[in-house]
């Protein structure tokens, strides 16, 4: 179905699929009804290896492009430098950015319809830094510290060096400077997006619509504790490249993907915080007309094919599907998705070398 044949509700259905929240859906509907050409962005720190959790926002980026949003990708090199990623080596950070763009291209994002913006393009403009200062002037120190969770850091880590405090103001400036309608990110970016919405009123800037995608839980699963905020809990158990044992990377060979899924947390009949089911919901069934074929011996019920995630979850929650059967089927399907990405990366020596180097010592 082409962009011109989609009505407003069809666009909203595509945009909202597999999102944690849209702030606000009414603002999005209003802009779509006015037939405005919307501008959006996703920013990421090029900080290492690309794991499958990032495919969730990559799919949403693809969805937004497919419904006609003018999307840009901000390769946040300076932000990664401030955040001490890759030892603060800007050359490595830039190469990691190029590697991530290659992954997105191989995944199926139409890069001819996406603008690539590097942090260097923004920071060379004095107007950008003037905006950073204006944002800082309109934000309390306490709120700026609370926003450090967007970096994967705690508020007290602001004491490490003063640049950490500048980071949230820079991320808000990234949004306001580009005059965006939509900011896309994981739920861990919520505090920056909410700050951007609040500050925009004070500065007379356009109020951005925030689209947040879920964070994929790590393969270890999660242990929920009373009194812990949902955002803090999810940030602590999410799949992370700094905890490689919890993650599946897009370059992992098929046998490694299968081995990791075999050992993943996946209790029989348990749906909550089940990483194997989440991979199905947010990655496998995020694609149009997706199916999952589970191969079983006839004495265990024979093969079964699921045509929706809802059907899979129902059968699994009823205890009618063995965890190992689910894991092996998920590994086969996930490897089908990862295969073109692996081939693309293997065809370029510089990315093969980068992956090897990063695997030797994973940094923050």
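Residue numbering: from 1, along the chain as shown.
Each Cβ is built from the backbone N, Cα and C atoms, and glycine gets one as well.
What you are looking at is a predicted structure, and each value in this text was computed from that prediction instead of being measured.
When 59, 189 are compared with the L-tyrosine site residues 41, 167, 171, 174 in Swiss-Prot, the one appearing in that site is 189. Matching 238-242, 243-247, 248-252, 253-257 against Swiss-Prot, the residues noted as motif ''KMSKS' region' span 238-242.
Considering only the residues assigned to L-tyrosine binding, 41, 167, 171, 174, 189, the longest pairwise Cα distance works out to 17 Å. When Cβ neighbours within 10 Å are tallied across all protein chains shown, the highest count among the binding-site residues 41, 167 belongs to 41.
Of the recorded residues, residue 171 (L-tyrosine binding site) and residue 241 (ATP binding site) place their C-alpha atoms 22 Å from one another. Of all Cβ atoms in the shown protein chains, 20 besides its own fall within 10 Å of the Cβ of residue 241 (ATP binding site).
Classification of residue 241 (ATP binding site) by DSSP places it in coil, neither helical nor stranded. The binding-site residues in question are 171, 189, and the one with the fewest Cβ neighbours inside 10 Å is 189.
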